[in-house]
Structures are given as structure tokens and as C-alpha cells.
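As given in Swiss-Prot:
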DISULFID  5-17  disulfide bond
DISULFID  9-19  disulfide bond
MOD_RES   19  cysteine amide
């Protein structure tokens with residue numbers, strides 16, 4: 001499933017957000 005990060009961050013391949 002798709003996970004959207006907030007504040008313009010993007011989802012890292014391993015999970016979590018990169019800002």
C-alpha cells in the first residue's frame with residue numbers, strides 16, 4: 001500500500017520518511 005509523508009517529505013525505500 002502507499003504511505004504518504006507530510007510536510008513535503010517522501011517515503012524511503014526501507015520505510016519511514018525522508019525530509
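Just so you know, glycine gets a Cβ as well, placed from its N, Cα and C.
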Fewest Cβ neighbours within 10 Å, where candidates are the disulfide-bonded residues 5, 9, 19:
19
So if I measure Cβ to Cβ from residue 17 (disulfide bond) and keep only same-chain residues at least 6 apart in sequence, which ones fall under 8 Å?
5, 6, 9, 10, 11
Which of the three DSSP-derived classes (helix, strand, coil) applies to residue 5 (disulfide bond)?
coil
According to DSSP, which of helix, strand or coil covers residue 17 (disulfide bond)?
strand
